[in-house]
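Structure record follows, encoded as structure tokens.
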């Protein structure tokens, strides 16, 4: 366990008033500070009623104190939690008193950082705490809970252990360079690498799914002016979030709205209509629309059902950047007779609601790419995890190629780089600046 001499303190409950507020202490002076507050006779993991007093002996608040001795606490250090009334004034006074007694104000995420540094959890698990708190729906919360329980980390460790075995074999073969690789178990090494690459590819697919569970799907409504994009956003959101008029080009800026699809969060982005010309403000809106497309998981291409082909032509190559697209023929209620429909398009009316149920179904199907049903063991992941897995996969693929040509030194280097990429996920090979960025994004008191 790493020795961290300072004792830190922070409010651990959410900002604002509430029935209960918690102040958390962690560090070697936690019990002594609690005693100076007037809390005597603390027993391990026993709740004790006490009055919390200031320097003059006046009662700041009363409540429950709980002591978690090291190393059997969240941070691995001496921890005392003071549970009083949820008054911000009283909680701040209690923190100030703890600081006067020798503690210091905790940095954002410092409790979780200490838990990581003391080996109570790895980096992916620490991040899962923040993801669990910020989860926008039940499914994302359950996925974050699994990551906190170590589901993701154990799978990363399994691939990492396989890479370790491979590196040992390849490094040993380098030491016997005069011997052909096959006489040194080269066939078994290649088989092991094939299995490892398969495990890594599956882990990457599952992490992509976990990233979408955490972040939700980013769907951009794109199309020519006056196709009904804003009306469709309002219809899907169930409220008048966007301004709607008969004037083409009403939408000048992007508008984000999160909706729930069977427990999955989908962020809809309304954008300015794409067309040639327009004034300076409209052109800036179109530039932002194209920028949103670059970040989109899904493009919802909204066309006027009365002349969809002309609307398609007007878009040009703007949608080429998005691999996943859903074509929507809006205003189908204005058709005197049903016109020709593209096989991949959905006919809807944002005004009457016609076709919206079908659209919801297709959005649910597209939400996770390979089905909408919850998968056993699905976990939460972040973009940085997915990026690290991509790099690990690329290096493992390169190692396989080098082994085929018996370029052992190059194969060993590629395996090392793959191993390092995986280590970034759990924090076993992470630079200090990366750790600082990650934990600084946490809440104070976590």
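Every residue number used here counts from 1 along the chain in the order it is shown.
A Cβ is built for glycine as well, from the same backbone N, Cα and C atoms used for every other residue.
Taken verbatim from Swiss-Prot:
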BINDING   24, 81, 120, 446  (6S)-5-formyl-5,6,7,8-tetrahydrofolate binding site
DOMAIN    216-368  domain 'TrmE-type G'
BINDING   226-231, 245-251, 270-273  GTP binding site
BINDING   226, 245, 247, 250  K(+) binding site
BINDING   230, 251  Mg(2+) binding site
Spatial separation of residue 24 ((6S)-5-formyl-5,6,7,8-tetrahydrofolate binding site) from residue 229 (GTP binding site) - C-alpha basis, Å: 49
Cα within 10 Å of residue 230 (Mg(2+) binding site) - qualifying binding-site residues among 24, 81, 120, 272: 272
Of 226, 230 (the binding-site residues), the residue whose Cβ has the fewest other Cβ atoms within 10 Å: 226
Distance from residue 272 (GTP binding site) back to residue 120 ((6S)-5-formyl-5,6,7,8-tetrahydrofolate binding site), taken between C-alpha atoms, in Å: 49
Rounded to the nearest Å - Cα separation of residue 81 ((6S)-5-formyl-5,6,7,8-tetrahydrofolate binding site) and residue 226 (GTP binding site): 58
Binding-site residues (24, 120, 229), the one with most neighbouring Cβ atoms at 10 Å: 229
Pairwise CA distance, residue 272 (GTP binding site) versus residue 24 ((6S)-5-formyl-5,6,7,8-tetrahydrofolate binding site), rounded so that it is a whole Å: 48
Taken over the domain 'TrmE-type G' (216-368), the model's mean pLDDT: 75
Rounded Cα-Cα span from residue 226 (GTP binding site) to residue 24 ((6S)-5-formyl-5,6,7,8-tetrahydrofolate binding site), Å: 55
